[in-house]
């Protein structure tokens, strides 16, 4: 049976009462929802002080948060909880070991908030983890659950940050989950699930979902006490879902007051875990058993797939003018990847040609419009020219008609000269 930390619970109630009293006289347009932060833990004593600090750093109003911690470990952390002076904590001890799925279902029974946010015990959560999740859920009323399908894992033994995912719009890792409490009316975790518990809870990823910003959700560190040894992920990485990232630890843990958290993960964790036997994965036989079952099931599926391919005969590539080549599975995959790359290049070229064609069509249309306008202008000029010619012709005709001929009066012409005697000539007489 669980043991509830009554002192922490009472402090939590007092903290909430003070918060409500301070806000009572203030006019509020929107009251922030009550949030239940949920943390399952099992023999993680070296991580707890770091977990406390991640919670203290949360920028969401503390009077609107309760923190439910369910502890089924053999090394209980009640002493650390009581010394933490974090009034929001509601601590529950469980005597017997529980699977992770059963433990998450158990936590939900005590949650009183309208929104539930997960914070696991061995990961880093940024200061806006809660506030970001609440904001996204409130802005997406149709979504019941939020999380990040893209997460980052830092592998200290190789000093590399690895990006995992994204795997799909309705997928996320449980450690990033935040959901409305009404989601629990239609789903729950499988009681036997010790790992990979998300799929059943999200009903095969059909639950209305919204993605969170991975930079505001979680940073995972690979360490010796990981329930699932994350270094196995690097053995046969899928290029689409596991790739090296230029991000650094400082890209996530960047505030001055988080230096102790950064030092814990980067400098202190290895020595602490080396001297802490209760947290070793061998202390979780149920988890190791289920991981082994999952791996065996995966190996069996691979063998069955290979058998199907062999039953269908070898894959032979026949190019024009070349001898047939029998391909291995690796070669088939490589060939398909090459074809996908070529298809991608051709699609880009097609998009480029399509864009150029559209540009040329627009250019031709504009030129046609200009030609029509120029033709109209030319016609107007021609009319003006014809009118000018007609006017000139008219003016010429008027000028000719204005000139009068000289009339003859048949009179004698007299020519006078001062140097000779006057002579009269009769023209008619000649």
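Cβ atoms are placed via backbone N, Cα and C, with glycine included.
Heads up, TrEMBL stuff is auto-annotated, nobody curated it.
Here the structure is a predicted model, which means the values were calculated and not measured.
Looking up the ranges 1-29, 30-58 in TrEMBL, the one annotated as region 'Disordered' turns out to be 1-29. Helix, strand and coil counts from DSSP across the domain 'Glycosyltransferase 2-like' (36-152) read 42 helix, 28 strand, 47 coil. Mean pLDDT, taken over the coiled coil (336-398), works out to 82 on the 0 to 100 scale.
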